[in-house]
Amino acid sequence: KLHSDLDKGVGTVKYTLSGDGAGTVFTIDETTGDIHAIRSLDREEKPFYTLRAQAVDVDTKKPLEPESEFIIKVQDINDNEPKFLDGPYVASVPEMSPVGAYVLQVKATDADDPTYGNSARVVYSILQGQPYFSIDPKTGVIRTALPNMDREVKEQYQVLIQAKDMGGQLGGLAGTTTVNITLTDVNDNPPRFPKSIFHLKVPESSHVGSAIGRIRAVDPDFGKNAEIEYNIVPGDGGNLFDIATDENTQEGVIKLKKPLDFETKKAYTFKVEASNLHLDHRFHSVGPFKDTATVKINVLDMDEPPVFSKPVYTMEVYEDTPVGTIIGAVTAQDLDAGSSSVRYLIDRKNDVDSYFTIDATEGTIATNELLDRESTAQYNFSIIASKVSNPLLTSKVNVIINVLDVNEFPPEISVPYETSVCENAKPGQVIQIITAADKDLSPAGQRFSFKLSSEASNKPNFTVHDYRNNTAGIETRRNGYSRRQQELYFLPVVIEDSSYPVQSSTNTLTIRVCRCDSDGTIQSCNVEAIFLPVGLSTGALIAILLCIVILLVIVVLYVALRRQKKKDTLMTSKEDIRDNVIHYDDEGGGEEDTQAFDIGALRNPKVIEENKIRRDIKPDTLRFPRHKPAAEDNTDIRDFINQRLQENDVDPSAPPYDSLATYAYEGNGSVAESLSSIDSLTTEADQDYDYLSDWGPRFKILADMFGEESYNPDKVT
């Protein structure tokens, strides 16, 4: 209520109100000054309003007092319930956690005034989820309330939390939220086999490395806590089998490490241990986290192919052994209970040429062809054995036959030697070291001996010195040799091997006599060198050859220059009129175009015009009269041309080109007829050149020159 001391209660004072909410939220009685709220107020929307009031005279409308300002504060009431702004919540806690383990903290917000009364004081409580979890009434922290909660028993929990204002007293407003709590897994359970004995049946034909069975231990844990490792406990049969874990199913896959044989052993028994890979030290007291089961494997008898006594057979035979000679045998047996006989055959994929045969019943191998060690030293082929009772069951074995050498080839000089001896050689000088080779292959290695043949032993020229290491040296036996007397010597050398029977051969060495310097360096071995002058040195010979080469080069250059000069003289002469005609490739202006070359040589001097005005360009001002060539002039030109043509036709030395072949007028057979005035019967003044305008743009210049205007003699000065 507003009241002015000047208000006497007689209605002379009027009260006015302005500011926040004036007229919309608040109104004032103009006579009494009472202020009323015209709608409900919400503190959470606007907690206070600032207003201005004034008392004015009703008659003069003038203020009776200065304007005054006042504040209207909205008092709070508990009209808002607590709200969980982040709900619903999701939380997790490890299983087997102790009592009081922290899970989650929730928070509720009350929009009421926390400074006035208990409208905003919130208290938390659990409506659903006991006795597993508890909550702190003031902080909203949720903790476990029971020990050893097991995920394998129950994994998911839904807890209903309530927040109530007014300190939880009666009449307070409340809000709720849901907390979904999951128990996470820990490794608190060891793996367990569902049964103590596993029985497996395995065919004896199973391949090594193949899976022959699966066993499984159960672990109720989850994820990596449920990963299991399987191991075979050392014992009976454990070395024949192996076990590995299937990562997808956590099963133990038993695999075969060695082949099984029903006839050798029909059953195997061993133990398998399953254990966790990731252990939790907190649960060691529960017991060992592993379990053991027994695996019994029964081997099933299968109809198997024959088995050879050896994995590979190696045999030896001498070359040239007679056909049909037995060189060895292979043996295969049927190890099944009902033993069957075996048949043998050679796999012809390896023995295409059928060098060997085999007895189908006994398995003996014999030669079928004569063998040559130098052609093929070793044969490798396969023998197939099959059961008579079941020919489809076969086995295969490799047979290696080494062909032994028989000494049938004599040794020979390994490479052809080019041996030379100096004219000034001394006795006992070694001029060549020779070696030998033998196509035969001796198991003890090659041993060769060297000597001169009997007919060469008596000659005093050369000798052979055997070094006893499969090499020999050729030595001189006299002092000096002469090329003039004998240029070549042929030395027969006998080479023997040490095998049985002994083989030998005579090899002839060619020794050339050469001229050497005092140090023994060969200077010349050519036959032509014998006939050269004795006093002429090598440097002099080189100088003579160099002079000859220089003279030849000078002669070649001189001939080439003469030919080039003759060619240039013939082709580049500017005085020859024929050369002008050959090189004239510009479009001319007709017979009066004298700028390219002088056509006067083709004309009769009587008819040469005095005024030589160019006709290939348009005249500036003057137009000269056109003269008709005399009829007799045409005859002179034709006679001149025909005379020159006849002279060139009968001249055998004339070149193939002829400048006079370019005529100054069109032939008689031309459709366009002649463009020249040589054959015209009328004067140029009588010609009508207007038709040139109809021939197109290429004849535009001609049309302008000849058809633009007629000759006017008054214009001539």
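Backbone N, Cα and C atoms are what each Cβ position is placed from, and that goes for glycine too.
Annotated in TrEMBL:
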| type | residues | note |
| --- | --- | --- |
| DOMAIN | 4-84 | domain 'Cadherin' |
| DOMAIN | 85-193 | domain 'Cadherin' |
| DOMAIN | 194-308 | domain 'Cadherin' |
| DOMAIN | 309-413 | domain 'Cadherin' |
| DOMAIN | 413-531 | domain 'Cadherin' |
| TRANSMEM | 530-561 | transmembrane segment |
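Residues in the domain 'Cadherin' (85-193) partition by DSSP class (helix H, G, I; strand E, B; coil) as 3 helix, 45 strand, 61 coil. For the domain 'Cadherin' (309-413), the DSSP-based tally of helix, strand and coil residues reads 0 helix, 48 strand, 57 coil. Mapped onto DSSP classes, the domain 'Cadherin' (194-308) shows 13 helix, 54 strand, 48 coil. Secondary structure of the domain 'Cadherin' (4-84) per DSSP (helix as H, G, I; strand as E, B; remaining residues coil): 0 helix, 32 strand, 49 coil.
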